[in-house]
Every structure is written in structure tokens, then in C-alpha cells.
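In Swiss-Prot this protein carries:
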BINDING   Gly166, Ala167, Ser168, Ile232  NADP(+) binding site
Amino acid sequence: MAAQIIDGKLIAQTVRQEVAARVKARVEAGLRAPGLAVVLVGQDPASQIYVSSKRKACEEVGFISQSFDLPANTKEIELLALINELNTNKEIDGILVQLPLPAGIDTTNILEHIDPEKDVDGFHPYNVGRLSQRIPKLRSCTPKGIITLLERYNIPVRGKHAVIVGASNIVGRPMTLEMLLAGATTTTCHRFTQDLEHHIRQADILVVAVGKPHFIPGDWIKEGATVIDVGINRLDSGKLAGDVEYDVAREKAKYITPVPGGVGPMTVATLIENTLLACEQYHSD
């Protein structure tokens, strides 16, 4: 029997509606709407599309969105000055710096200068550290979005074997921490992992984020597993494909995310959720 499709678009829309209702209640109570600053450096086409979707999502839920589009030749010191300004702006609850940044700008330095209480991407070492200590506040958007999908579909995590393929700072590493927090036994696979197939065949929950189309053969999937495909890759044909061989995996898995329409929409929805959380918990004066 083919797997049940995990509809990320539907769940993301539900999350946005929930946030919009809370924002409406805030405003009706005389409180200000949450504010999100979106910073884009350069004119990378993919980044422009992502930023546009984030700004649109802000407007839909009633946030105040401030846009800062900087030229590609912006110096690091100039970007840091803007971040420092936004850190002290009491009407800004979240600061989002769209990645990747142009060559010559130290991404780590930029992200570490964002006030951790405005780090709605969840990338700051302080917030990742809180997650590792089981006291999370602002959590990385894609991993948290995946946890939301599992929760909304009532897919059990506690006591299950979760295998994460990919160890990036944006997805793989915080995803491992999220799975630990949820009570899973976790295995994280990366480029030095030997016998990848062996690990994947053990996975009750498989999360793949490597950025290579059809990297995981579908017949490696354990019968009845949950497959979360974070990859989004454009093929020569123009079609989008995930990191997992979808058609074959779907016949073995119990649940599976499609590409597109699975994890992607949840990343933006969680960003919106984080911004409201930052407003309510840190800046609601």
C-alpha cells in the first residue's frame, strides 16, 4: 500500500492561520503587531524568491515587515551596523538575514551578531545551545517545522529510531537535537559515514537533507517507515526532485513528504511562528 502523503502546504497554512488569529487578538487588545526585518544582500534570484515568500507570509498574518535590500558590494562592517541598529529597534522582534551572503562577508560573524532574542531563524549558537540543553526557545525553522508535521499527523517519535542524513548547521545538526528532545534514538549520517545503506534500513523515521536528487534509493527504506525529504533539487528536465527516490520509497513507507509541498512550506510557517514567539516572550512591552 502506498504511503500517506504528509501535506506540508496544508499544515503550513493551518499554522499561519493560528498565528494570524493570535496577532489579531494582540492588536485588538491594544498591543502592537509583531515586526520582522528581512535583510537581503545582493540579487541572487533564488534568494529573492525566498525573501518574497517570507515577506508575503508576514503580510498575510498581520506582521509589520521591514525590508532591507542591500547591494552585493556591501561591506561586512556596513551589514553589522544595520544589524546593531535592528537589535536595538523595539518595534523589531525578529531579524532574518537571507543566506547565502556574498563572498567576503563572514556568515558566522553576521549570525552571531544578531540578538539571540531576535534570532527567528534559530541559527545563533545561543539558541542551538538551549536546544541541546533541552530548554529551547527560538528553534531552527526547518527542523522545528518537521517536528510540527510529525505532531500534526500523530506520528510517534518517542522510542523510535530516527536517522538523519546530512549534518549541516541549518538542518542536520539541529534536527538531531530535535529528535533527541522528542525522545527518539538518533543516528546522524554524513559524508564520512560508512555503510549508509545499513543505517537507513534501520530507520523508523528518516530525515534526508543533502541536496542531491534521488541520493537515497527507494528500496533502502524500511517497511512502514516515515520519510521526511528536505531536499529540493531542479533536474535537467526542469522538474523538482527530492533527495529520496520518491516513487519507490512511497511503496515502502507509511508516511512520506512530497517535493515540492512537503517540508518547504513549513520552514516559512515556522519562521512566522518564531517571530510571534519572540514578540510575546521577549518584547511584549
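Glycine residues also receive a Cβ, built from the backbone N, Cα and C atoms like all the rest.
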Maximal Cα-Cα distance (Å) across residues annotated as binding NADP(+), namely Gly166, Ala167, Ser168, Ile232: 16
As a test of the contact definition, list every same-chain residue at least 6 positions from Gly166 (NADP(+) binding site) whose Cβ is closer than 8 Å to its Cβ. Gly172, Cys189, His190, Val207, Val208, Ala209, Val210, Gly211, Val230
List the same-chain residues at least 6 positions away in sequence whose Cβ sits under 8 Å from the Cβ of Ser168 (NADP(+) binding site), in sequence order, or say none. Ala209
